[in-house]
């Protein structure tokens, strides 16, 4: 650190500052806006006590430096010094303190990491999920903050408290706040980030008022406007959908290809790989397809054994029809998400002529209309719209669906990384034995609560046959511990001693899962449209989990809505606090290794279907105790209170002792402080996954790198929010353990991307300026001889591109949806088509740039114009004659 280039001439302006002073300031707030840490900045000018926020908020520290001409500032989280005049990180030289100074050590260059960049750091596997258990946390742990009821907002408060106690999500907003960037209104992610910071701040109040998020959700969905009671599950879906939309980023093509290769290799190793089996692969989209015979998973004989084994295990036919009817009544009324709650059985959609069909999976799409609804969909799972992130597709479906003009872009976000899983559905025609496969992404599982008859069927069939399989529902109780087992035994004994007409049947969460995954007979009004038979046939539907989410959200269907009335199912459903085992419900193709879950939070509803009150029980990640969150009141409760609760929504998190050992290993390596010649940059977001996920997946540095290996120019100004520096030993351990990458030792702005950005900006300006010029000339024409028609769907894509709202240009002009081709070959405009009118010059310009078609021209000859004028004159004379 003694190089001349590292010396800053402004160091003489620093006053007497001790490290204790800075630690004390780090516990304060920004003097301008009042926001708390982390990453506050303190001015080092002699005599100045200013503390301001950084770029993650308003950046009052920079505003202060510019206004007061104070050059040096220190980050109160990392203790790194930045000089605004030199525009670089500087290091304090180790000059000794004056004789009059106290024994407190003065800040020197030894107090700062030796790095060329003022990077903020994420704790590596510190304690439990990065939470420091200080003495203050032992007295009153962080996170125990209530929320004020803003007029029947208990449904929102309960949901927010449950999400707040999901460590992977909360740690992202606390530790990776710089990644929370969006230009989409109402910027709900910013409101949520602020709320989480308030809930988990050391200097937290007893309760907060979530007014910003409350008003933001009302702008998004009219359903939540007003002050009437709403469904907490509806709120959860709306909130997480919006957070995903605001935080989503495209998945790099290289990542998609690597994931596909890895999963293909895994399938080849596990199954031996036949031609039919190769149809299953990983790709973009949440699409679905079907294959002949055993085209989905395994051979046809294996399919038949799996499916026929489950026939007759499901709910009664009467209950199925009722479920389908009720599911329609429970759809959302929002215009943007009108069908998102519907339990759609996508496998019963009438199929096209080929052997595969593609399911609409992007968020802008709506589900296909169907007449039949099955209890097996996970509401539906995420049927409208399904997310594209981390979803699967059948290669056969992709090939036969026809080439797309624009390649489908996969998106991911912290929401999809945490909550998204996938389900494999199989539908078999009982006449020709044809099997179709459907792979869908879900964000939550909406489970039916089986009745007395259905429960008896489940216990007599599924539980008996499951004994011969690897893993049973009963295995999920093995990890609960003796206390939980004993309490559960007592509860079952008490229930058995009381007549069933008084108490009702004993229902477990495993029973609800078994009912959800049980085979569904497709017959009567619910017959299956078989492509091979070309008619409706009896069939059977069977589904399994293909990929488990990091946090499993389970919704119990307690509310039923009939035509004339609604009612609530008040049956108690027992659920395990630890060791929920989903292995019995996994497909052979499942890519998840960890299958056990521990409970994080449960939302309960007290009252009837028309009115009531929501509360939540959550386990604090710091001390492991359970607390009741009832609006602004937070009370510690015993775990037996939680187990006896009337659960409505449950949040389970993957549990893994191996992941804990991995974190401790990394902590040990980091503490050794072995000197290495190289330091490595790693994605801050992935490191947060390592700290909080049971299965973080391969290292992914693409979040801050472009395809050329550099930093995209638009990310360089906040690169310190995206990366963390690791010692060589820690990087090598993580890389050898998880793979991925790429390795990064040097950060630089990508010059290739800079040239591409400038060229793209020039292209956008040229196209929009040319269009405006030609369109003005077109508007000035009084009687154009020809008018060209263009599809507004394509035009809106082009407009979004030239206005920089979409990074990718549109494909070729596509007028197929507004064109009608006659038998003579003449192309005409469809009646009622969504089109726009442009001039011939504008059409030729766009056609030369993008190509496409077909051309739709409306020509007006002079004869036609004169004939129209003559007819108009005759009508005028006739009208005057009648008036006379």
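In case you wondered, yes, glycine gets a Cβ from its N, Cα and C as well.
Not measured: the values here are computed from a predicted model.
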Range annotated region 'Disordered' in Swiss-Prot (choices 95-142, 143-190) is 95-142
As Swiss-Prot has it, region 'Disordered' corresponds, among 326-346, 347-367, 368-388, to residues 368-388
Residue 60 (Zn(2+) 2 binding site) sits from residue 70 (Zn(2+) 3 binding site) (Cα to Cα, rounded, in Å) at a distance of 13
Near Zn(2+) 2: residues not in 30, 33, 53, 60 with Cβ within 8 Å of the site Cβ centroid are 29, 31, 32, 34, 35, 40, 52, 57, 58, 59, 61
Neighbour count check, CB within 10 A, over binding-site residues 33, 43, 53; minimum at 33
Between the C-alpha atoms of residue 30 (Zn(2+) 2 binding site) and residue 48 (Zn(2+) 3 binding site), the distance in angstrom, to the nearest integer, is 14
As a whole number of Å, the Cα atom of residue 613 (active site, proton acceptor) is distant from the Cα atom of residue 64 (Zn(2+) 3 binding site) by 47
Least crowded of the recorded positions 48, 154, counting other Cβ atoms within 10 Å of each Cβ, is 48
Across the domain 'DUSP 1' (657-750), DSSP yields 48 helix, 16 strand, 30 coil
Taking DSSP H, G, I as helix and E, B as strand, the domain 'DUSP 2' (759-862) contains 45 helix, 23 strand, 36 coil
